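Undergrad: Okay, here's the structure, questions in a sec.
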Amino acid sequence: MSYIRQLSPVSYEVKQGFVPGMHVPGIVYVNDALKGLIFEELQQAVQRGDHGGFLPAVKQLANVAALPGIVQRSIALPDVHSGYGFAIGNVAAFDMDNPEAVVSPGGVGFDINCGVRLIRTNLTEADVGPVREQLAQALFDHIPVGVGSQGIIPTTAKDMEAALELGMDWSMREGYAWAEDKEHCEEYGRMLNADPRHVSSRAKKRGLPQMGTLGAGNHYAEVQVVDEVFDPVAARRMGIDTKGQVVVMIHSGSRGLGHQVATDALVAMERAMARDGIVTNDRQLACARINSEEGQSYLAAMACAANYAWVNRSSMTFLARPSPRSSQAHPMTWTCTSCMMSATTLPRWSSTW
């Protein structure tokens with residue numbers, strides 16, 4: 001622990017030398033409660049003599065600091081925990097003008113562009129209380145869930161190519177998203193460097209039946225209630241008016257397609273590392289020079305997977321929103337607006353839930 005020093009009540013520095021080859025220090029942002037968990041994990045790993053597999057988060061943070069081309073520092077946010085190569089919650093920047101700088105799929109993860117979408121409604125907790133069970137069942141009925149789940153959004157191979165390239169622009173074109181949805185998504189729901197030619201046929205095959213599906217693990221579709229407002233200005237921008245307001249939150253990513261993109265890249269990058277003489281402290285940090293063929297191919301494929309994730313969440317948003325087709329099914333009337341900061345007045349539809 002001699003390489004770790006406290007900088008402030010909520011930050012700690014991991015000094016260069018903690019692991020071999022560190023180009024920059026690491027910084028961990030945690031409070032007292034989280035500090036105990038993170039450093040206890042490290043101490044236990046040292047006592048066990050762990051050298052492989054999923055390393056403790058602090059050691060992963062330091063290993064990232066040893067990657068070629070990293071600038072300033074390797075940063076751990078308060079939610080940091082052990083991941084694949086990179087710790088989850090580990091942030092690092094690399095100089096793209098440095099010919100030695102690398103890109104590593106571990107820094108993005110296997111579920112590329114995993115994220116959440118918040119959909120506000122005009123309902124209150126009192127409105128939904130009597131129909132909670134029916135509401136939960138309706139979500140399961142509308143949104144496919146579980147490992148290997150298949151979507152109900154009609155998608156052909158041609159649609160897949162377009163969705164990978166266009167992201168939410170494809171969703172809008174096909175009627176699965178509203179124009180305002182893009183305004184509340186990162187990159188407006190589309191990464192422009194996406195090139196489906198760099199996505200393997202196996203990845204596309206895995207993604208084709210999964211459009212508009214939740215998956216498993218820690219993914220969820222939940223009906224939630226606002227129980228506290230800490231920032232009224234930000235809340236109003238999200239369309240949150242009061243405590244007790246009901247919202248729907250959807251958490252999912254790029255499904256099997258994103259996982260396959262990462263897997264394909266790791267295989268290619270292990271070969272590139274041997275060719276270019278790149279050595280890392282952890283095999284899980286397989287990487288390639290950013291400007292190499294492998295690096296550029298991964299960035300193009302990763303952008304496609306990110307676009308797929310936006311389309312996936314847009315498709316589930318479409319499935320969760322009230323539809324005029326269901327207008328005779330239930331007398332409850334409500335509105336359901338866009339994902340983050342909409343205050344648009346929308347038509348009122350009756351919903352099945």
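Using the three backbone atoms N, Cα and C, a Cβ is placed for every residue, glycine included.
Just lifted these from TrEMBL, have a look:
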type    : residues                     : note
BINDING : D111, H219                   : Mn(2+) 1 binding site
BINDING : N218, H219, Y220, A221, E222 : GMP binding site
BINDING : H251                         : Mn(2+) 2 binding site
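In the displayed structure, how are the listed features positioned relative to their neighbours?
TA: The Cβ of H219 (Mn(2+) 1 binding site) lies under 8 Å from the Cβ of C114, H251, S252, G253, each of which sits 6+ residues away along the same chain.
The Cβ of E222 (GMP binding site) has 12 neighbouring Cβ atoms from other residues within 10 Å, across all protein chains displayed.
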Undergrad: Quick check for the class: what is the C-alpha distance, in angstrom and rounded, between A221 (GMP binding site) and D111 (Mn(2+) 1 binding site)?
TA: 17
Undergrad: Return only the integer: C-alpha distance in Å from D111 (Mn(2+) 1 binding site) to E222 (GMP binding site).
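TA: Each residue's Cα considered, D111 (Mn(2+) 1 binding site) and E222 (GMP binding site) end up 20 Å apart.
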Undergrad: Excluding N218, H219, Y220, A221, E222, please set out which residues of the same chain place their CB within 8 Å of the center of the CB atoms of the GMP site, keeping sequence order.
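TA: Here the non-site neighbours turn out to be L214, M249, I250, H251, S252.
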Undergrad: Within 10 angstroms of the C-beta of H251 (Mn(2+) 2 binding site), what count of other C-beta atoms is obtained when all protein chains are considered?
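TA: Cβ-Cβ neighbours of H251 (Mn(2+) 2 binding site) within 10 Å number 18.
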Undergrad: Once near-sequence residues are set aside, which residues in the chain of Y220 (GMP binding site), 6 or more away, have Cβ atoms under 8 Å from its Cβ?
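TA: Listed in sequence order, they are L214, M249, I250, H251.
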